[in-house]
Amino acid sequence: MSNAYPDKHLKLFSLTSNTAIAEKIAKVVGVPLGKLSSRQFSDGEIMINIEESVRGNDIYVIQSTSYPVNNHLWELLIMVDACKRASANSVNVVIPYFGYSRQDRIAAAREPITAKLVANMLVKAGVDRVLTLDLHAVQVQGFFDIPVDNLFTTPLFADHYTNLGLYGEDIVVVSPKNSGIKRARSLAQYLDAPIAIIDYAQDDDSSREEGYIIGEVAGKKAILIDDILNTGKTFAESAKIVERGGATEIYAVASHGLFASGATEILQAAPIKDILITDSVYTEQELPSNLHYLSASELIGEAIIRIHERRPVSPLFAYNRKGDEA
């Protein structure tokens, strides 16, 4: 959408974590990013000044809570407070990557459920709605007492691979761990492809090279899919296992690219032809030469328009391959 959006009560603001995707989203919606200043004092305190009126407006604040997670989370909370105190009609937060979503349960004695704590903080600050992209655990939506729209990236990936001719029985979609079966099955259904799963006798880093494949990958082009690419170890070890299993080509796709230190070297050494991620996270880390970005801005921008116009977002979850009947 390139034309100016007609409703002047819709305003978008970008905080500092990922201004690149925010600018793209603004172009899709047809609304320029609002003016604000965000700075830190010498002791680390954050100060935000909204440099235009938001009174009576529906505000959408775009901020991924990625590295440095706590700085970006606090910046978001402070911005929400500023909007509420400036008499905004509604404050909606757009969080392409939702940090702390991996801490969604008590996995060992005396651990916190930090995803719930973050949800409480956002609600208490005055957030009216959350729009996010591929939560690590979909049950995090239930931690909020406000509406949460969790958009899926699988249709974007399906469209990308279909355009490359990567669909049908010659393709296999591989989940690199059993917790990702649902995600792999979703992409496989879109691509009319079978799935395979890599499982391990023990679920720890020391046994990653000892994984075994459930399903058939021999003679097929394999697409590894995960939600978060952090250290690169999961993809790298899974690619080696799939290569030993007889896959002819190996692709990897993830919703969020965090790229911890050393991830690029690990991925460069892996037998992966192409890595695909969305632009939900901005990073200054050196990236693998075989990495490509797929922007989620159009998906998020269309969701913002639909939410503002009180139209359903459910059509954004559908995907029909070109040539298929709707």
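Glycine residues also receive a Cβ, built from the backbone N, Cα and C atoms like all the rest.
Small disclaimer: the values here were computed from a predicted structure and weren't measured.
If you look up Swiss-Prot, you'll see Asp43, Gly44, Glu45, Arg102, Gln103 marked as ATP binding site, on the strength of sequence analysis. In this view, Arg102 (ATP binding site) is surrounded by 17 other Cβ atoms within 10 Å of its Cβ, with every protein chain counted.
Taken from Swiss-Prot, the feature Mg(2+) binding site covers His136, and the record attributes it to sequence analysis. Taking Cβ-Cβ distances under 8 Å and a sequence gap of 6 or more within the same chain, the neighbours of His136 (Mg(2+) binding site) are Phe98, Ser101, Arg102, Asp104, Asp227, Ile228.
The number of other Cβ atoms within 10 Å of the Cβ belonging to Gly232 (D-ribose 5-phosphate binding site), over all protein chains shown, comes to 26. Annotation comment: Swiss-Prot describes Asp226, Asn230, Thr231, Gly232, Lys233, Thr234 as D-ribose 5-phosphate binding site, evidence class sequence analysis.
Taking every protein chain shown into account, Asp43, Glu45, Asp226 are the binding-site residues, and of these the Cβ with the most other Cβ atoms within 10 Å belongs to Asp226. In this view, Thr231 (D-ribose 5-phosphate binding site) is surrounded by 17 other Cβ atoms within 10 Å of its Cβ, with every protein chain counted. When the C-alpha distances from Glu45 (ATP binding site) to the binding-site residues Asp226, Thr231, Thr234 are tabulated, the minimum falls on Thr231. Here the candidates are the binding-site residues Asp226, Thr231, Lys233, and by Cα distance the one nearest Gly44 (ATP binding site) turns out to be Thr231.
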